[in-house]
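What follows is a set of notes on a single structure, which appears directly below.
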Amino acid sequence: MFYVQKELASHEAVIVALFEEEQTSSFVQELDKAFEGQLQVLLEEKELSTKKKAISKVHSLGKTEVKRYYFVGLGKKESYTTETLRSALGKTFKTLQAAKVQDAAILLDSFVTKKLDAIDVAHIAAEVQGLGTYELQTYKSDKKDRVELEKFTAITAEDAQEIEAALTVGYVHGRATNSARTLVNMPPNVLTATKLAEYAVELAEKYDMDYKVLEKEEMEELGMGALLAVNQGSVEPPKMIALIYKGKEEWTDVIGFVGKGITYDTGGYSLKPREGMVGMKGDMGGAAAVLGAMEIIGELRPEQNVIAVIPSTDNVVSGTAFKPDDVITSMSGKTIEVLNTDAEGRLALADGITYAKKLGANYLIDVATLTGGVIVALGNHTTGAMTNNEELFEQVLEASMETDESIWQLPIFDRDKERVRNSKFADLNNSPGREGHAVMAGTFLSEFAEDTPWVHLDIAGTSESSGAHDLGPAGATGAMVRTLATLVERFGEE
C-alpha cells in the first residue's frame, strides 16, 4: 500500500501543506508553473486557506498528471505541532475517503519544519490514515460497500528506506488502535470474557507469544477472591488472561500491563440507573488498550520483555452476586470490605496487579475505564494518571506526548491511603465515598502495587467519544494503545 518516490507522478489526489507565512513556498511555486499562475491568484483571493485544518481542493483540469490537489492549511509555523498535523491529516483522509480516492500521494517535505522531520510526518500520515478513516463495525443487515485507499505514496527527497520504515510503524500503530476500537464497540452478548480470552490467544499465537488463560478453578487455587467476587453473580465464567512477550534473552526488566476487562457493568447490587448503564459494554477499554499495544509489540518486535494481564468478567445482578458489606480476600492476602459493588473494576485489577507481579513484572502500568470522577476532574480529552514512581511516570508521560494522548497526574497523599484503609472489618475498603473518587480508586490500587514501580491510567473519559472527530467516528477511541506501545519502544532510553 505504501510507496516512496522522489518525483511526483500520476495520482488521483495529492496532499500539499500550506503554512500561513509560506504561501509561496517552493512546492507551491513549482505547482503554480503548471497552473500558469492561477494558484497564486487563488491564494491572494483566499480561495486557498492557510487556516489550521482548512482543506482546499483544486482540480488540475488536465494541466498536470494529478487529478486533484488537496491543500491542507496548517496555520503559523510557530504553532505547528504533531497534534495539529494529526488533526489536519485525519480530516484530509476523511475527505479523500468521502471522495472515494484509491490512489493518493503526499508531498511529504512540504509538511517538514525544524520541529517535525520527514520521518515524523511519514509516521503520523500512515497512522492517521487508518485512524481517520476507521468505520464503526455494525450488525446492520444492509451493509454498504466501502472504497479503500489502495495506494499511498510519499514524495520526498529523504532516504526511501527510512521513510518506508516510518510509514510501516505508523500504519501498525493506526491498525492496532482500530483493533482496540472494534473490541470496545462490540456488544456484551458477543464479547464475553470467554470471547475476549479467545481473541487474546489468537493474538498471542499470531505473534508467537506465550500465554496463559486461568479458569475459575485455577483462580480459586491461587486465591483470586477479588476477581471471583465480581464474577459471583454471572453465568459467564471469568478469565484471567496473560500474554507474555520475550524480547530479551533474560527475563529481566519486565514491563507489566494490566487492563481492566469488565465486559459489561450493571453496577451489581449498587445498581446503575438506566442512563448510566447504557454504554457499559465499553468497560473493558483497558483490556482493549493492552491488547492493542501487544499487537503493535508483536508486529514491531522491540527488545523488551512485556507481559499483559487482563482480569475479565461481567458484573451483573443475581441471587449469587456479591453484595455491599461482603468481606473478600484478594490474591495478595489483603482483605477488602465491599462498600460499593459498582467499584468492581478496582477489585478485578487488584488481583490482576498481584498476578502480574507473580509472573515477574518489574514495572506496572494499569489501564482502566475506572471512575466517572476522572471525567468530572479532567473531561473527555485527558487521561488521569497516578503513580508511586516519578521516573516511570515521566517515561509514560513522554510516550503520551509523542502520541498526542493527553495525560495529567493526580496525587496520592497519606490521608488518601488512610481513607482506603478505613474499615472495621478488613484491611481495606473499596469505596470510601464520592469525594475525590478518581484519587480513591487509584490509591486503592497502589495498595497492591506496593513497592513495584507503578502507573495507573484512568481512561474513563478518553476511551470513547460522543461524536465524530478528526481521528475517527463516535464511539471507541482506542485510548492509550499507542502510548503503551511507544513506552515499550522507548523504554530505558536516555
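Heads up, the Cβ atoms here are built off N, Cα and C, so glycines get one too.
Mapped onto three states, the DSSP output places Lys272 (active site) in coil. According to Swiss-Prot, the active site annotation covers Lys272 (among others), on the basis of sequence analysis.
Among the features that Swiss-Prot reports, active site is placed at Arg346 (among others), with the record citing sequence analysis. With a 10 A radius on its CB, Arg346 (active site) counts 30 other CB atoms from all the protein chains.
Long-range C-beta contacts of Asp283 (Mn(2+) 2 binding site), restricted to its own chain and to partners at least six residues apart, with a cutoff below 8 Å, comprise Lys260, Ile262, Thr263, Tyr264, Asp265, Gly345, Thr369. Positions annotated as Mn(2+) 2 binding site by Swiss-Prot: Lys260, Asp265, Asp283, Glu344.
Asp342 (Mn(2+) 1 binding site) falls outside any helix or strand according to DSSP and counts as coil. Around the Cβ of Asp342 (Mn(2+) 1 binding site), 19 further Cβ atoms fall within 10 Å across all displayed protein chains. Annotated Mn(2+) 1 binding site per Swiss-Prot: Asp265, Asp342, Glu344, in sequence order.
Under the DSSP three-state reduction, Asp265 (Mn(2+) 2 binding site) is assigned to strand. Counting only same-chain residues at least 6 apart in sequence, those with a Cβ under 8 Å from the Cβ of Lys272 (active site) are Asp265, Thr266, Met280, Asp342. Taking a C-beta cut-off of under 8 angstroms and a sequence separation of 6 or more, Glu344 (Mn(2+) 2 binding site) has the following same-chain neighbours: Val230, Ile262, Asp265, Gly268, Asn315.
Same-chain residues with CB within 8 A of the center of the Lys260, Asp265, Asp283, Glu344 CB atoms, the Mn(2+) 2 site residues themselves not counted, are Val230, Ile262, Met280, Met284, Asn315, Gly345, Ala348, Ala368, Thr369.
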